[in-house]
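**Student:** Shown below is the structure under consideration.
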């Protein structure tokens with residue numbers, strides 16, 4: 001009898017997860033296990049968290065029992081989530097170096113945590129690496145190291161865990177910010193590895209890199225190229241952000257939706273694409289813009305309702 005209930009619950013989850021969900025990155029400083037309830041209370045149906053301090057390469061690992069309970073809370077509140085890996089992970093360092101090995105340990109720790117959380121976790125998002133000058137590497141060598149890092153982390157973690165590669169903003173020495181670079185990484189993996197690697201499209205980042213997504217035409221062009229070179233079915237989620245800086249600025253500064261340089265026409269087109277392909281939208285917006293109608297800083301509820309109206 002218990003088995004039938006579990007199968008039924010799983011079937012319902014599969015059906016419900018095949019629709020576009022809306023949410024945002026949330027802070028877990030007020031409690032880790034209570035984070036799903038908090039996310040639900042503010043209106044999220046999907047959310048993102050760091051498991052530890054984002055600027056620390058090796059935060060203390062979460063306890064097994066709290067990770068399992070966290071997963072139960074996701075089921076209770078009908079939520080999907082994704083873990084964002086430490087900002088300091090850099091797989092472009094030479095394999096065997098202390099910084100490379102520490103990056104692997106950090107990523108493996110988070111992947112193992114998602115295994116305990118369960119199948120309502122989309123995986124672990126990591127940034128593109130940086131080809132820092134002290135390593136004296138070519139860009140291709142740095143990308144080769146990045147591929148080695150992915151392969152290494154996958155080989156040390158359960159087969160049901162997933163790495164999600166986030167598009168970069170071309171800041172500084174960041175590699176593979178363009179679709180060609182992402183494809184170079186992806187197609188260096190074998191079939192089994194590719195099954196465990198997905199992508200997160202950050203709208204602010206691709207705008208900063210030089211993809212003009214301010215119009216439906218530009219949005220269609222970007223996703224058409226991505227589909228041709230990688231496949232849109234490999235997009236796990238979209239970091240849905242406007243940008244405070246101009247096209248091809250190579251500067252990563254998120255803006256609230258419709259209060260930045262990308263604007264409503266492009267953002268609406270992205271929401272429409274997400275709905276068509278059932279891709280989840282996760283906002284990382286600063287919520288610092290002033291609503292001219294209220295003369296107050298905008299709230300997540302305002303952004304949520306805005307995006308929800310675009311998905312109708």
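Every residue, even glycine, has its Cβ placed from backbone N, Cα and C.
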**Student:** Given that Swiss-Prot assigns 84, 166 to the Zn(2+) 1 site, pick the one from 127, 178, 254 that the record assigns to that site as well.
**Tutor:** 127
**Student:** Using only what Swiss-Prot says about Zn(2+) 3 binding by 252, 254, identify which of 93, 205 is listed for that site too.
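**Tutor:** For Zn(2+) 3, Swiss-Prot names 252, 254; of 93, 205, the listed one is 205.
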**Student:** 166, 202, 239 show up in Swiss-Prot as binding Zn(2+) 2; which entry in 134, 261, 276, 284 does that record put in the same site?
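**Tutor:** It is 284, as the record lists it for that site.
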**Student:** Cα within 10 Å of residue 254 (Zn(2+) 3 binding site): which of the binding-site residues 84, 127, 166, 284 qualify?
**Tutor:** 284
**Student:** A 10 Å Cβ contact count, applied to the binding-site residues 166, 202, 252, 284: which residue has the minimum?
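**Tutor:** Across 166, 202, 252, 284, these binding-site residues, the one with fewest Cβ atoms within 10 Å is 284.
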**Student:** Going by C-alpha distance, which of the binding-site residues 84, 127, 166, 252 is nearest to residue 202 (Zn(2+) 2 binding site)?
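**Tutor:** For residue 202 (Zn(2+) 2 binding site), the spatially nearest of the binding-site residues is 166.
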**Student:** Beyond 166, 202, 239, 284, what residues of that chain have CB atoms within 8 A of the centre of the Zn(2+) 2 site's CB atoms?
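**Tutor:** Output for this site, in sequence order: 125, 167, 200, 201, 203, 204, 205, 238, 241, 282.
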**Student:** Determine which residues of this chain, when 84, 127, 166 are set aside, have a Cβ within 8 Å of the centroid of the Zn(2+) 1 site's Cβ atoms, and list them as they appear in the sequence.
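**Tutor:** For the Zn(2+) 1 site, the extra neighbours are 85, 87, 125, 126, 164, 200, 202.
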**Student:** When you average the Cβ positions of 205, 252, 254 for the Zn(2+) 3 site, which other residues in that chain have a Cβ within 8 Å of that mean position?
**Tutor:** 169, 202, 204, 208, 239, 241, 243, 253, 284
